[in-house]
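J.: The structure is given below, and queries will be raised subsequently.
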Amino acid sequence: MSKPIRVLVTGAAGQIAYSLLYSIAKGDVFGADQPLVLVLLDITPMMTVLDGVLMELQDCALPLLKEVIATDKEEVAFKDLDVAILVGSMPRKEGMERKDLLKANVKIFKSQGTALDKYAKKMVKVVVVGNPANTNCLIASKSAPSIPKENFSCLTRLDHNRAKSQIAMKVGVTAKDVKNCIIWGNHSSTQYPDVNHAKVKVQGKDVGVYEAVKDDNWLKGDFIATVQQRGAAVIKARKLSSAMSAAKAICDHVRDIWFGTPEGEFVSMGIISDGNSYGVPEDLIYSFPVVIKDKTWKIVEGLPINDFSREKMDATAKELTDEKETAVEFLSTA
């Protein structure tokens, strides 16, 4: 058996973590022969709840789980990490301005970035889930200058999976028959789900999505709106946010970082925009199509971008630029 890896999940007493921890602990993410030390971080008032989660993980009697550590201290949580999955963030409360939300989260992610810088391994892979995920990820990265920017990513895989599933349902195939959807930009309602380069397997052969769906108005209208608004739709129906599908997307995202993407397929993740060829401003965490090999992502280059796409890609970049400016202002005082 290989040496255990240390994996941190923050917001570990919350509902996404409750759906996520079992999948990680039983080997769905890092493989069936990779032992784990799971570190669970949450805020002090949640420690009693976190103890309950700890007991349940112990009671699962999982062969790969070497140790579970529950803590409210960053110096314990971030020590010697191989992977950090940052789920915890300040949720938006009724009547809260986006600016207030950003301010509260800049404080959290500056602190966690600083702790990563100080205590984690330099090759740690950091995935930010807590919203606003892109900007939180940028702040964490800026607060951890000794860790390569490329090691930070944020979750847009849930949006990617939502897009994939909408197309599959429309065509009447399963999700595994749809590949190369793209989420461009921010994990917010300005994100752009793009299927211009996606393929659907119909009767054994790969067909472009526009050809397979045969409904351009739907693809340019309701499809995009459905994916953009899906999180809100789930909250409206469940009265709780999408935890099961978010946890599944986190597993997909981290597994692809660890083991790479399948040949001929790309996935979406929020990554540093430096040096991209799609006209996206530098120094943003922006969702791009990527392929991953040897735990290193590469943006898929050379995809033709039509005017419809260009406009949507620019709009989400503008939102991210505005968010970044507000967040960086707060950074100096956080």
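Each residue, glycine too, has its Cβ placed from N, Cα and C.
TrEMBL lists 6-152 with the feature domain 'Lactate/malate dehydrogenase N-terminal'. Taken from TrEMBL, the feature NAD(+) binding site covers ASP42, ASN105, VAL129, GLY130, ASN131. As annotated by TrEMBL, substrate binding site applies to ARG92, ARG98, ASN131, ARG162. Residues annotated as domain 'Lactate/malate dehydrogenase C-terminal' in TrEMBL: 156-330. The active site, proton acceptor annotation in TrEMBL covers HIS187.
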J.: Looking only at Cβ atoms, how many others are within 10 Å of the one on VAL129 (NAD(+) binding site)?
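T.: The answer is 28 other Cβ atoms.
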J.: Going by C-alpha distance, which of the recorded positions ARG92, ARG98, ARG162, HIS187 is nearest to ASP42 (NAD(+) binding site)?
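T.: Closest by Cα: ARG92.
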J.: About how far apart, in whole Å, are the alpha carbons (Cα) of ARG98 (substrate binding site) and ASN105 (NAD(+) binding site)?
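T.: Rounded to a whole number, the Cα-Cα distance is 11 Å.
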J.: Could you count the residues of the domain 'Lactate/malate dehydrogenase N-terminal' (6-152) that DSSP puts in helix, in strand and in coil?
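T.: Breakdown, helix to coil: 66 helix, 27 strand, 54 coil.
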J.: Of the recorded positions ARG92, ARG162, HIS187, which one has its Cα closest to the Cα of VAL129 (NAD(+) binding site)?
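T.: For VAL129 (NAD(+) binding site), the spatially nearest of the recorded positions is HIS187.
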J.: Please name which of the binding-site residues listed here, ARG92, ASN105, GLY130, ASN131, ARG162, is nearest in space to the residue listed as 'active site, proton acceptor', Cα against Cα.
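T.: That would be ASN131, nearest by Cα distance.
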J.: Highest Cβ count within 10 Å among the recorded positions ARG92, ARG98, ARG162, HIS187: which residue is it?
T.: HIS187
J.: Let me know the model's mean pLDDT on the domain 'Lactate/malate dehydrogenase C-terminal' (156-330).
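T.: Here the mean pLDDT over the domain 'Lactate/malate dehydrogenase C-terminal' (156-330) amounts to 97.
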J.: Looking only at ASN105, ASN131, the binding-site residues on record, which one has the least crowded Cβ, with the fewest other Cβ atoms within 10 Å?
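T.: Least crowded of the binding-site residues ASN105, ASN131, by Cβ count within 10 Å, is ASN131.
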J.: Who sits close to GLY130 (NAD(+) binding site): which same-chain residues at least 6 apart have their Cβ under 8 Å from its Cβ?
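T.: THR10, GLY11, LEU86, VAL87, GLY88, SER89, MET90, ASN105, ILE108, PHE109, ASN136 - these are the non-local Cβ neighbours of GLY130 (NAD(+) binding site), listed in sequence order.
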J.: Determine, to the nearest whole angstrom, how far the Cα atom of ARG162 (substrate binding site) is from the Cα atom of ASN131 (NAD(+) binding site).
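T.: Answer for this pair: 18 Å between alpha carbons.
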